[in-house]
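S.K.: What follows is a structure written as structure tokens; I'll ask about it next.
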Amino acid sequence: MKKLVLASGNAGKLGELRAMLAGVALQITAQGEFGVQDVPETGLTFIENALIKARHACLMTGFPALADDSGLIVDALGGAPGLYSARYAGTPTDAAANNAKLLEMLRDVPAGRRCARFYAVIVLLRHAEDPQPLIADGCWEGEIAFEPCGSGGFGYNPIFFDPLYGMTAAQMGAELKNKISHRARALERLRDCLHTFMA
């Protein structure tokens with residue numbers, strides 16, 4: 001069984017990725033189990049940040065690495081918080097503060113103009129100098145609620161409302177969320193490549 005390092009220190013993200021990859025015959029190990037710390041995300045795009053994280057994990061562990069970068073894109077805010085989703089309200093990262101800041105920024109934006117999407121890109125590097133990384137992305141369309149609702153998930157989940165299901169991401173069960181989320185869609189696109197990778 002091949003070993004794959006998940007290049008993330010985010011426990012919520014790590015749990016989601018592990019759950020979604022449960023059926024794949026890989027030994028998945030978090031980078032923290034190797035003593036690897038998060039690397040600064042200095043890229044200008046989600047893809048660049050995912051590559052930076054995957055390359056760092058490969059260099060530090062000697063194993064193939066899977067990394068994702070994701071964020072919330074709000075049309076009424078010109079794409080913010082975008083790349084800065086985790087640090088929107090400043091550092092250290094604080095989900096409740098991020099949610100509060102976003103709701104404040106949208107205070108005067110009416111229903112129907114609060115369109116948003118979660119976007120994720122997932123990168124798989126076979127080794128640190130892999131010239132042909134496997135890259136997949138996924139998007140989850142929704143809108144920003146007027147107040148937090150639900151206790152599941154993490155990050156912006158309490159204020160990200162999916163009109164098709166009539167609930168926020170935080171109100172969804174993990175099974176549903178892990179089928180329709182931006183990460184789930186990106187992983188689904190990467191799944192065939194993972195089977196080739198394992199061969």
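Even glycines carry a Cβ here, placed using N, Cα and C.
Residues annotated as active site, proton acceptor in Swiss-Prot, with sequence analysis given as evidence: ASP69. Among the features that Swiss-Prot reports, substrate binding site is placed at SER8, GLY9, ASN10, ALA11, GLY12, LYS13, SER70, PHE154, GLY155, TYR156, ASN157, LYS177, HIS182, ARG183. Swiss-Prot lists ASP69 with the feature Mg(2+) binding site, giving sequence analysis as the kind of evidence.
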S.K.: Record lists SER8, GLY9, ASN10, ALA11, GLY12, LYS13, SER70, PHE154, GLY155, TYR156, ASN157, LYS177, HIS182, ARG183 as binding substrate; longest Cα-Cα distance in Å?
M.R.: 21
S.K.: Sort GLY12 (substrate binding site) into helix, strand or coil using the DSSP assignment.
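M.R.: Assignment for GLY12 (substrate binding site) reads helix.
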S.K.: Just name the most isolated of the binding-site residues SER8, ASN10, ASN157, going by other Cβ atoms within 10 Å of its Cβ.
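M.R.: Relative to the other binding-site residues in SER8, ASN10, ASN157, ASN10 has the fewest Cβ atoms within 10 Å.
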S.K.: Tell me which of the binding-site residues GLY12, GLY155 sits in the most Cβ-dense spot, judged by other Cβ atoms within 10 Å.
M.R.: GLY155
S.K.: Which of ASP69, SER70, HIS182 (the recorded positions) has the most other Cβ atoms within 10 Å?
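M.R.: Buried the deepest by this measure is ASP69.
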S.K.: From the Cα of ASP69 (active site, proton acceptor) across to the Cα of GLY155 (substrate binding site), what is the distance in angstrom?
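M.R.: Spelling it out, the Cα of GLY155 (substrate binding site) and the Cα of ASP69 (active site, proton acceptor) are 14 Å apart.
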S.K.: Whole-number answer please: how many Å between the C-alpha atoms of GLY12 (substrate binding site) and ASP69 (active site, proton acceptor)?
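M.R.: A Cα-Cα distance of 13 Å.
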S.K.: According to DSSP, folded down to helix, strand and coil, what is GLY155 (substrate binding site)?
M.R.: coil
